[in-house]
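Quick look at what TrEMBL lists:
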DOMAIN    69-120  domain 'ABC transporter family G'
DOMAIN    190-405  domain 'ABC-2 type transporter transmembrane'
TRANSMEM  207-228  transmembrane segment
TRANSMEM  240-259  transmembrane segment
TRANSMEM  280-313  transmembrane segment
TRANSMEM  325-344  transmembrane segment
TRANSMEM  351-372  transmembrane segment
TRANSMEM  384-402  transmembrane segment
DOMAIN    410-473  domain 'Plant PDR ABC transporter associated'
TRANSMEM  437-463  transmembrane segment
REGION    475-508  region 'Disordered'
COMPBIAS  495-507  compositional bias 'Low complexity'
Amino acid sequence: MVGDEMLRGISGGQKKRVTIGEMLVGPARALFMDEISTGLDSSTTFQIVNSLKQTVHILNGTAVISLLQPAPETYDLFDDIILISDGRIVYQGPREHVLSFFESMGFKCPERKGIADFLQEVTSRKDQMQYWARRDQPYRFVTTDEFAEAFQSFHVGLQLEDELRTPFEKTESHPAALTTKKYGVGKWELLKACISREFLLMKRNSFVYIFKFIQLTFMAIVTMTLFLRTEMNRDSIAEGGIYMGAIFFGLIMVMFNGMSELSMTIAKLPVFYKQRDMLFFPAWAYALPSWILKIPITFVEVALWVFLTYYVIGFDPNVQRLFRQYFALVLANQMASGLFRFIAATARNMIVANTVGSFALLVLFALSGFVLSRGMINDIKSSWIWGYWISPMMYGLTALMVNEFRGNQWSHSLSGSTEAAGIDVLKSRDFFQEPKWYWIGVGGLIGFIILFNIFFTLALTYLNPFGSSGAVISEQTESHEQTDGVGVGGSIQLTNNESSSNNVTSSAIEEEVQRSISSKSSSVTEATIRTISIKKKGMLLPFEPHSITFDNVVYSVDM
């Protein structure tokens, strides 16, 4: 998404080009484009149509395009023309023969007249007379019905009728005539494209990641001065509790760093939903890169925290325990990122996601076994203990606690105890004491990482964006008649002479094409495009009317 409520983003012309380019992606080989030149200069329109022409020729596609008064050079890019007037097809066929058809009817296009303008005016009652070329015969108005009947006997009309009369033998159809797969390319190509796009977005959002690195570094320095090893002893359970606090705070910092996934995921959802529904890619091809490409970022973030704080705080100096803590925090960060991506994809709204995300963190903290120990949770309400067992933070915290307090620094006995000091500290908060619980905690974190990312993918697959309540479709329908149109196909152009409010929309054309094909009322071949009469639904927009009056408006150009 380029631009928002505060940033202008791109111009209208650029937006059209981006949207057209975007719609060329995917399995669709038939493009229905309505009035794409509105607001564009003739040069830009020429560039766009030229690109479309090359695309449909290379990919063996079809484009049905309606243009308002196209320039001559743009008109010359098209292969075929459909001219519609008063709901009748006046001409449908190659661009090269359209003038000879009207000359056979007694109308000639002047040399300096644009052909598109001529076609729009030659069926009009007020403009037709100026093109009458048979000076030896008196002019009379030729109606649309007469043009349509004459076209049936014109050689292009006869050829078209002959093609439609001949039944199509399906066994002779080219294998590529109809798409047989859901997406435009294979699964591996889809995944590579999504990885490339996600990597590009990460580069554009590099400020976010740099800021997170700086934030973590700053907080690590603050934590180092707060839990300084020269002030930390191991002579009592209370002093062991301070080490527990340092571990818990480190876990919170690493997990909170994943909360940025909320806003970034929600910001990308509108584009995702549009492209998913256009069958650009499946949801899994979008979800995998957003998970996998963040793993290197996680390694850097956790490295900044662990390698700055570990020895300064005074954790067990064994390098094996250093890397075990590093590994557990990497998994905790990945778990939190997966959780917040899942919340974002489920909530689909920033306000709802922030509320749910904050509540989820609160529940994780309360049931992690540190704020409320396992025994306290059980004492408050025995049914709450299930929350302890399904809390992913509990598994990460247990792994970190066991890793630290089963180290050599905590192997001595406290006064009045026969067990190691580390065992006493773990028991004081009802943590598990066996060394195997480090690997159980690691396994639990890995399981939650996979689970949350699966849930994220499922949410992307089956949930749709929240609907807008702005427009109400009227039950009434009105017949839509089209006047004075020009069109081109292989590429096809339909030029509509009515006001913009009555333009035929591409979605309506698509619906009618699908309906006519399914009912076998007509056949559509590579070189033939049907023209459809369309009934259009009205739109009722709830609004409060206001009147604006201008007085003494002066428009001047400084020369």
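Along the chain as shown, the residues are counted starting at 1.
For all residues, glycine too, the Cβ spot is worked out from N, Cα and C.
Because the structure is a prediction, the values reported are computed rather than measured.
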Below 8 angstroms Cβ to Cβ, which residues of this chain, lying six or more residues outside the transmembrane segment (207-228), approach it?
242-243, 245-246, 249-250, 253, 257, 260, 264, 297, 300-301, 304-305, 308-309, 312-314
Just give the helix, strand and coil counts over the domain 'ABC transporter family G' (69-120), going by DSSP.
20 helix, 14 strand, 18 coil
Within the predicted model, mean pLDDT of the domain 'Plant PDR ABC transporter associated' (410-473):
87
Residue numbers, six or more beyond the limits of the transmembrane segment (351-372), whose CB comes under 8 Å of its CB atoms:
244, 248, 252, 255-256, 259, 262, 266, 339-340, 343-344, 380, 384, 387-388, 391-394, 397-398, 429-431
Counting by DSSP, what is the helix, strand and coil composition of the domain 'Plant PDR ABC transporter associated' (410-473)?
36 helix, 4 strand, 24 coil
For the transmembrane segment (240-259), could you work out the same-chain residues 6 or more beyond its ends whose Cβ comes under 8 Å from its Cβ atoms?
212, 215-216, 219, 223, 227, 232, 234, 301-302, 305-306, 309, 313-315, 329, 332-337, 339-340, 357, 361, 364-365, 368, 370, 393, 396-397, 400-401, 404-405, 410, 421-422, 424-425, 428-429
Distant-in-sequence neighbours of the transmembrane segment (325-344), which means Cβ under 8 A and at least six residues beyond its ends:
250-251, 254-259, 261-263, 265-266, 269, 290-291, 294-295, 298-299, 301-303, 305-307, 310, 315, 353, 356-357, 360, 392-393, 396, 399-400, 403-404, 438, 441-442, 445-446, 448-449, 451-453, 455-456, 459
Folded-back contacts onto the transmembrane segment (384-402), same chain, C-beta under 8 angstroms, at least six residues removed:
244, 247-248, 250-251, 255, 324-325, 328-329, 331-332, 335, 339, 363-365, 367-370, 374, 377-378, 426, 431-435, 437-445, 448
